[in-house]
Amino acid sequence: MSSTQQSSSTKKQTLFIASLIILWYSSNIGVLLLNKFLLSNYGFRFPIFLTVCHMSACAFLSYVSIVFMKLVPLQPIKSRPQFLKIATLSVVLCGSVVGGNISLRYLPVSFNQAVGATTPFFTALFAYFMTFKREAWVTYAALVPVVAGVVIASGGEPGFHWFGFIMCLSATAARAFKSVLQGILLSSEGEKLNSMNLLLYMSPIAVLVLVPAVLIMEPNVLEVILSLGKQHRYMWLLLFINSTMAYSANLSNFLVTKHTSALTLQVLGNAKGAVAVVISILLFRNPVTVVGIGGYTMTVLGVVAYGEAKRRFR
């Protein structure tokens with residue numbers, strides 16, 4: 001291969017990866033901001049039904065992507081125990097996503113992201129008690145500013161709401177719990193699934209779990225959203241875009257990891273939270289304080305230090 005062809009190939013690869021990163025950022029931040037807009041500013045007060053829409057889109061688009069478009073090879077479920085493990089993970093995923101969506105009804109995106117940044121703390125905690133996995137003391141020390149930052153941010157948050165805070169913290173803990181549980185349940189080579197196949201199987205189970213919850217806890221959802229659809233002609237379009245972005249966030253997450261590395265994704269994730277906070281403050285005009293910004297900054301720096309310590313003292 002000539003140097004010109006090599007240079008052209010490198011440029012195409014760089015452009016492709018840059019496009020994936022832009023898609024990842026826009027999908028993750030977009031779904032978060034649209035969730036907030038629908039749940040807090042649009043009168044769409046049905047976080048469980050919104051999660052059903054997300055999971056339905058993920059189920060349908062995962063099937064199309066894997067079975068028809070062949071983006072990744074289909075990995076069949078091989079046994080009943082494997083199916084039960086996937087179903088367990090799906091229930092935990094439901095708790096995490098629903099909790100996160102409920103919290104957005106009561107908390108600004110900026111504070112929601114600050115609490116969400118404590119995921120490494122809960123992951124380390126669950127890993128310690130569930131797998132007896134020990135890290136170097138420096139790694140655990142790096143988690144101190146992660147927690148301290150959220151405590152400080154809570155004290156300086158003008159829009160602090162106890163129920164919203166508890167739901168957000170629960171969602172963050174559930175997300176970390178799913179990560180550790182997945183490592184335990186799907187640890188054997190024969191049962192491991194890539195994230196896209198796992199999403200293909202978890203999404204329909206999540207819909208089946210959540211539909212009864214909608215009927216019990218949000219019984220008037222269809223009546224209200226039909227009424228909102230008449231009042232706001234773009235509501236159905238927003239709901240469609242929001243649900244599609246939920247799948248796009250998972251797809252781009254998989255593709256960025258595949259074409260770069262897990263470390264790159266971690267670095268991008270740290271920056272994503274800060275970008276989402278800035279955009280949300282500009283869009284929703286929620287008041288922020290110096291104390292709140294300082295607390296969030298401390299948490300993000302703690303997460304960065306934790307990732308670096310974990311890498312060095314593995």
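We count from 1, first residue shown onward.
Backbone N, Cα and C atoms are what each Cβ position is placed from, and that goes for glycine too.
For 15-34 (among others), the entry in TrEMBL reads transmembrane segment.
If you look up TrEMBL, you'll see 17-306 marked as domain 'Sugar phosphate transporter'. Mean pLDDT across the domain 'Sugar phosphate transporter' (17-306) comes to 90 in this model.
Here TrEMBL flags 46-71 (among others) as transmembrane segment.
The transmembrane segment annotation in TrEMBL covers 110-130 (among others).
Remote same-chain residues near the transmembrane segment (137-154) are listed as 111, 114-115, 117-118, 120-121, 124, 160, 165, 291-292, 294-303, 305-306, 308-310, 313 (criterion: CB distance under 8 Å, separation of at least six residues from the stretch ends). Per TrEMBL, transmembrane segment is recorded for 137-154 (among others).
Under the heading transmembrane segment, TrEMBL lists 160-177 (among others).
Residues 46, 48-49, 51-52, 55-56, 58-59, 62-63, 66, 77, 83, 86-87, 89-91, 93-94, 97-98, 182, 186, 250 of the same chain, all 6+ positions outside the transmembrane segment (198-216), place their C-beta atoms under 8 angstroms from a C-beta of that stretch. Look at TrEMBL and you will find 198-216 (among others) tagged as transmembrane segment.
What TrEMBL records for 236-256 (among others) is transmembrane segment.
Residues annotated as transmembrane segment in TrEMBL: 263-284 (among others).
Away from its own ends, the transmembrane segment (290-309) comes close to residues 110-111, 113-114, 117-118, 120, 124, 136, 138-139, 141-158, 263, 266-267, 270, 273-274, 277 of its chain (Cβ-Cβ under 8 Å, at least six residues beyond either end). Per TrEMBL, transmembrane segment is recorded for 290-309 (among others).
The transmembrane segment (236-256) shares the most Cβ pairs under 8 Å with 15-34, out of the stretches 15-34, 46-71, 110-130, 160-177. If you look at the transmembrane segment (15-34), the same-chain residues 6 or more away from its ends with a CB under 8 A from one of its CBs are 54, 104, 109, 112-113, 238, 241-242, 245-246, 248-249, 251-253, 255-256, 259-260, 268, 272, 275-276, 279-280, 283.
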